[in-house]
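Participant: Below you'll find the structure I mean.
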Amino acid sequence: MENVKHIILVLSGKGGVGKSSVTTQLALSLHETPFYSRKLRIGVLDIDLTGPSIPRMFGMDAETHRIHQSSSGWVPVYTDETKEIGLMSLAFLLSSKNDSVVWRGPKKAAMIRQFVSDVNWGDIDYLLIDTPPGTSDEHLTIVESLLSVTSERPQLIDGAVMVTTPQNVATLDVKKEINFCQNLKIPILGVVENMSGFVCPHCSDCTNIFSKGGGEQLSNTYHLPFLGAVPIDPKFGELIESQSTEHPLIEHYKQLEVAKLFQKITQNMLDSLFHSPSLVLDKVLSGHRGRIWSVAVHPTLPLVATASEDKSVRVFQAQTGELIHVIDGYHTRSVRRVAWRPIDRPVLAIASFDATVSIYEKIDDDWECVAALEGHENEVKCVAWSHDGVYLATCSRDKSVWIWEAMEDDEFDCLAVLQEHTQDVKVVAWHPKDDLLVSGSYDNTIRFWRDDGDDWVQTCELTSHTSTVWALNFSPDGRLLASGDGEGEVFIWEKLVSNEDAARTPSTNILRPSLEEEWCLKAVLPRTFTEPVYTLGWKDDHTLCASGAEGTIGLFAYEDDVSTWHTVSLKEKAHDVYEINTIAWTNDSRLLSGGDDGLCNVWKLSEADQTA
């Protein structure tokens, strides 16, 4: 059990409400949920000893599929050769499926304890435990047994899902299950109302053959999440009865309409499990007369800057949203990017489509242009300061990356012009703790740059993207790099140990072997976007925000395994019908987003995030 990440009980107060059906569909939906970055490994433990249904639900004949013993314990029965869904049930141990189980409580308890102690699940993401009706020995035994082997887990059981039908006779018994969980301090993830209507197999209309809404009413009474209502779908029943090796449940289930319902139910359950936050609009920073291209938060001072195609930059007080100053009149074309120098006074680098970069500083009560950087032959697309404010990087449509050093008396010295990209360079970003620069381009590549003492050289090139790299952002600890592209993909990269072998690259910059580094693709975020991702922002080392052309803000996170990310929250139409070009986090965990509507929205996370 030590390699089981999450344990969820599925409970019902009364038999015949379709609890095993719900368990089966939760397992199938979790396995392929789009809210994770990969297919999940699922285990299903059937502790309904006298009436085990899980083998039949998955089409695994209990007389031909048997439990095997290995040196590390009992091996689950897997639904296919991928071994991504494993099953454990007493039915796999009985000599005949017609055998009755006439056991007293102590023998039942011993069997359940053996399931907990002897089954080798391997590394699985979720273990769903299908329980018998009521609150009896089996329920107490599974909880006590899990406690004895999972004492190091921060939470004994991650939660329980309640299954009921709409009728009062069913919801009455579920109330007892709720009390059971509350007495044992088991979190209740929510209620599923099963058999909520009947779907006609001919016209697909849904008719209420029982009462409706009992499960939702129960949720409201006990202030529990209502996960969703599931109608009786004859097509699902037909699939269960007709499945075979040639027509496995796992392949055909996803084509059913009920599968779409369970994807939503599964996401609601995950939201409850992870205390998923929602974005709530706090205030709006306005005043620009064109789209906002960039928003930047000062690292230490309560200042926010927004840059717009109206050729201006507006500076706001971060907490109140009060307009402090408007910087305009210098640039002759759209201002594409703005960046605060990470020092304890207000200094801004402003990049423009007029091919120049201006440096503004607040001196006394006014904002003055203290330097102008020229040299790019075309639009400057991005500007970024190094972690200590010593270096400034700029990139342009002219395919080049320039590195400047900030000198005394507001002077800037151009240290390098990097011309290895073959197309428009869209973005540059610095490592938060090291003098490492990355750049992303219309040529679909990400390139890494370091100072080798004589010149700035390319130390790594990543070519996994198949479209324009629009966004790059390092995690606050510098361990991970996120990249977003023109096809809506977001990649997560992690640095490997540097390779001391001699570098072989066609680059004009000669690379010393000791500087060569390798970054490995660790994850692709859950596929949320189909249009370009323009902007990325880390809330913390484990939580990343992404947005772009679709106008949806996505919040994603991982727990312990950096290769496994899940969707935390989605905010659709965050700027109505407009694209979002930029996001940034404030020091008090508010999110800023700037869009084509010319507005900078300030979002607060719901309180639930504080316990996630």
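From the backbone N, Cα and C atoms, a Cβ is placed for every residue, glycine too.
Just so it is clear, the model here is predicted, and its values are computed rather than measured.
According to Swiss-Prot, the protein carries these features:
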BINDING   GLY13, LYS14, GLY15, GLY16, VAL17, GLY18, LYS19, SER20  ATP binding site
BINDING   CYS200, CYS203  [4Fe-4S] cluster binding site
REPEAT    287-326  repeat 'WD 1'
REPEAT    330-370  repeat 'WD 2'
REPEAT    375-414  repeat 'WD 3'
REPEAT    420-459  repeat 'WD 4'
REPEAT    464-503  repeat 'WD 5'
REPEAT    528-566  repeat 'WD 6'
REPEAT    574-612  repeat 'WD 7'
Participant: Give the residue from the binding-site residues GLY15, GLY16, GLY18 that has the most other Cβ atoms within 10 Å of its Cβ, counting over every protein chain displayed.
Facilitator: GLY18
Participant: Quick check on the binding-site residues VAL17, CYS200, CYS203: which one has the highest count of other Cβ atoms within 10 Å of its Cβ?
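Facilitator: For the binding-site residues VAL17, CYS200, CYS203, the Cβ with the most other Cβ atoms within 10 Å is VAL17.
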Participant: Cα distance, CYS203 ([4Fe-4S] cluster binding site) to GLY18 (ATP binding site), nearest Å?
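Facilitator: Cα-Cα distance, GLY18 (ATP binding site) to CYS203 ([4Fe-4S] cluster binding site): 24 Å.
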Participant: By a simple count, how many Cβ atoms lie within 10 Å of the Cβ of SER20 (ATP binding site), its own Cβ left out?
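Facilitator: If we count other Cβ atoms within 10 Å of SER20 (ATP binding site), we arrive at 22.
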Participant: Would you call the repeat 'WD 3' (375-414) and the repeat 'WD 4' (420-459) in contact, using three or more Cβ pairs under 8 Å, pairs 6 or more apart in sequence?
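Facilitator: Contact between the repeat 'WD 4' (420-459) and the repeat 'WD 3' (375-414): present, because at least 3 Cβ pairs are under 8 Å.
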Participant: Who are the chain neighbours of the repeat 'WD 4' (420-459) in space, where the CB to CB distance is under 8 Å and they lie at least 6 residues beyond its ends?
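Facilitator: Distal contacts: 381-387, 390-391, 393-397, 399-401, 403, 465-478, 481, 483, 485, 503, 505, 507-512, 515-517, 519.
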Participant: Could you count the residues of the repeat 'WD 7' (574-612) that DSSP puts in helix, in strand and in coil?
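Facilitator: Once the DSSP states are binned, the repeat 'WD 7' (574-612) shows 5 helix, 17 strand, 17 coil.
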Participant: Could you give me three numbers for the repeat 'WD 3' (375-414), the DSSP helix, strand and coil residue counts?
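Facilitator: DSSP classes over the repeat 'WD 3' (375-414) add up to 3 helix, 21 strand, 16 coil.
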Participant: Hey, which bits of the same chain come close to the repeat 'WD 6' (528-566), Cβ under 8 Å, at least six residues off its ends?
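Facilitator: Non-local partners: 5, 34-38, 125, 270, 274, 277, 279, 467-468, 470-477, 479-480, 482-490, 492, 494, 522, 572-585, 589, 591, 593, 595, 603, 612.
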